[in-house]
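*Asks:* Sharing the features that TrEMBL gives for it:
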| type | residues | note |
| --- | --- | --- |
| DOMAIN | A:40-559 | domain 'Cytochrome oxidase subunit I profile' |
| TRANSMEM | A:20-41 | transmembrane segment |
| TRANSMEM | A:62-82 | transmembrane segment |
| TRANSMEM | A:102-127 | transmembrane segment |
| TRANSMEM | A:139-162 | transmembrane segment |
| TRANSMEM | A:189-210 | transmembrane segment |
| TRANSMEM | A:230-255 | transmembrane segment |
| TRANSMEM | A:287-305 | transmembrane segment |
| TRANSMEM | A:348-368 | transmembrane segment |
| TRANSMEM | A:380-404 | transmembrane segment |
| TRANSMEM | A:416-440 | transmembrane segment |
| TRANSMEM | A:452-474 | transmembrane segment |
| TRANSMEM | A:494-515 | transmembrane segment |
Ligand code: HEM
Ligand SMILES: [Cu+2]
């Protein structure tokens, strides 16, 4: 009996690695500490009422951002572990299997659990405010999306202490990901973690498309919409077409593993190449999903801090829509070397290069906006400026990679690693940082310390180039991707150590950001700002910071683009201060999204271990939650007009 | 939930307008959901088309599919789509009896469809040794047809829930929208089935 329990425990928990043991202990201690603090300060009720059940898009956005920062930490630690392993030839810091697990979890976490939620956080905080809406179209669904992401991410994350992490790469190519090559539970954690959070992402896509199409304030037609909102719209269009493909792909892989189906197996008539096609039909558009909103942020930031209207608004919109369409016709450039034939390769090479054109248009528009502007070098602007050269280099190396014959040379080398980090860090991460700094005052009512922010900025940038420039040369020199170690005579040692130093500079930069946030919270009184700290242009700057629960007491009129700016310039009439208010219709909080997503977590956990006694009740729980929602009619309430008036008067400083 | 249109000048019947807006917003979102469901089925169809010849020495489509049963299933599902339409008509006339009656008939037809399909599957597995793990062709077959069947089953539970709500609350703006949405869903599944019928069954036996 005792032996059996011991056997099970050693199967269930990952044992034998001192680093993982350390992580297990510290996770355990942190959990105990959190429970203790919440209980001691009697905060459970508050947490539940104010946050876990909230359907307020601003709170949901904040929760996304907190999770994303935690995931950036986890993904970053993975990255540094890899860099330590690669710093020296013949290093034995990590075991080879451990290395495979780390590059897999690093890739998945950075893209799906760091970039995506950071992006969704910004969507949530900004879009309703920019279009003059009181909420998103479906607040309940919005909360459900968040919790599906949260519990999916948790399911993926526990794999490294329970059961073992996946190790077949961030896209889990078969046959590596099939039972024959990965008999452990890691791949199942991968499948269910991503599947659950992916459903949440799909729902967010639908939610924001409807929000943007149907909830704009009177007068704001599509061509007066702020650029960030446009970028969210384009990104959501890609989401609704790409994510169902991911759902199917993961489901099929799961059927192979769980029921012995033969979709992608090497035997039984399966076709692994089909997986590679399917996963990239999602995977390539996915990179545009994450990068387009960054483009939107840069457009807002450039216009605000150059104090000029965005150059070429129409061409920006057009470029964005073209990119979202074209993103679906390039997927095969990820496997030029896998025998698709010359015609197919030529088609995908050309379609890939074509995307450079609308992207180039955007870069020129940003440059022209800055040209002769009175540029203010605030942190959001610094990130934007740093992005441009970074993205140009990344874009050029990308075009190099899209030349099919050249790809035979660079394919799977460190040249590729350097390229995609250049676009993902320089484009996506820098973009979202710019956005986070830019809208932080709107979220919390105080600004982040600019001095510490500049330290973080410079460290990130220097670290970035020190880390990734050497990798282009390593790639040209033949160092392949996912190399676990190399010998002295390869001559790759010096460049690798430089690269690792760069990685640690970025780690240090992250610490500066954490310090910056902690410092600004501690001294928030000194950093307090009013509604319009940057002298902004769009509607979100016309309401208090942080915004009241209903956002706009009276829906604003938006007869021109950049209304707030035009009002300040006097080119359009200021909107009168309202004297009377009406009651405002709002959604009630609900615990169902949290509970239902937790049920999904347990269902997924049960599938991972083959525990149907857990999965079946959990799925029944999901169904009950859905019915409970369908049967509840008492889902909204009114904020009384007097309350709205009191809130607004307090903000305007009216004495009563 | 917040609203797209300014509230100015709607004191009278103001609640009512809100409700209408909400409900049309939800229907619109459902259309977009259906687009995503189209992509989902599209991917499954594509997989099936790629794999349908990879029988791995196991039974082929010609050996497995029994057309009379399939045609009966098709007929039942198409009829249920029609009866769900009659339910909506009844609703627009404000005829509660007709609405609930046709919905119940739709549920019964849908349930017999699922029953026949399950029967077909069980027969294949038990008598023909054709299970999901036999060959890539059968993996794709069971997954595609099963996903459709799962959609129908979810629709059944949903429709039963809706019948209960209708009895409790009658025909209101909210229940009206719910009926409209589920009939949309039901027609959609019908269209998908027509594709299943032609791409899987007809092309399989031809
Ligand atoms: C912050 C500094 C970062 C460093 C030092 C870093 C480092 C690395 C290293 C060493 C690898 C493994 C290369 C290999 O062995 O093949 C890797 C892979 C990867 N990284 Fe990063 N990374 C960073 C940030 C990011 C970010 C922000 C993203 C995405 C938003 C990202 C996405 C990926 C992906 C997708 C892979 C491929 C994983 C795979 O091969 O399956 N990384 N990174
Ligand atoms: Cu690509």
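Every residue gets a Cβ built from N, Cα and C, even glycine.
Structural setting of the listed features?
*Replies:* Tertiary neighbourhood of the transmembrane segment (A:20-41): same-chain residues 13-14, 47, 160-161, selected by CB-CB distance under 8 Å and a gap of 6+ residues from either end.
Nonlocal intrachain contacts for the transmembrane segment (A:62-82), taken as residues 6+ away from its ends with a CB within less than 8 angstroms of a stretch CB, comprise 51, 93-94, 99, 102-103, 105-106, 109-110, 113-115, 117-118, 120-122, 124-125, 146, 149-150, 153, 157, 436, 443, 503-504, 506-507, 510, 514.
Sequence-distant contacts of the transmembrane segment (A:139-162), counting only residues of its own chain at least 6 positions beyond either end whose CB sits under 8 Å from a CB of the stretch, comprise 12-14, 20, 23-24, 27, 53-57, 60, 63-64, 67, 71, 74, 101, 105, 108-109, 112-113, 116-117, 120, 124, 185-186, 189-190, 192-201, 203-204, 206-207, 587, 590, 592-594, 596-598, 600-601, 604-605, 608, 629, 635.
With a cut-off of 8 Å between Cβ atoms, the residues of this chain six or more beyond the transmembrane segment (A:287-305) that come close are 111, 115-116, 119, 122-123, 226-232, 234-235, 238-239, 242, 316, 320, 323-324, 327, 362, 365-366, 369-370, 373, 375-378, 380-381, 383-384, 387, 423-424, 427-428, 430-432, 434-435, 438, 534-538, 562.
Within the same chain, residues 294, 297-298, 301-302, 304-305, 333, 336, 345-346, 348-349, 352-353, 356, 359-360, 363, 366-367, 410, 415-416, 418-419, 422-423, 425-427, 430-431, 433-435, 437-438, 454, 457, 461, 464, 472, 534 sit at least 6 positions outside the transmembrane segment (A:380-404) and bring their C-beta atoms closer than 8 Å to a C-beta of that stretch.
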*Asks:* Which residues, given as numbers and ranges, are at least 6 beyond the ends of the transmembrane segment (A:348-368) yet have a Cβ under 8 Å from it?
*Replies:* 295, 298-299, 302, 310-312, 315-316, 318-320, 322-323, 326-327, 329-333, 336, 340, 384, 388, 391-392, 395, 398-399, 402-404
*Asks:* Restricting to the same chain and to residues at least six past its boundaries, which positions have a Cβ under 8 Å from a Cβ of the transmembrane segment (A:102-127)?
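*Replies:* Here the qualifying positions are 57-58, 60-65, 67-69, 71-72, 74-75, 78-79, 81-82, 94, 133, 136, 142, 145-146, 149, 153, 156-157, 159-160, 165-170, 172, 190, 193-194, 197-198, 201, 204, 208, 211-212, 228-229, 232, 235, 286, 289-290, 293, 297, 424, 428-429, 432, 435-436, 439, 442-443, 482, 540.
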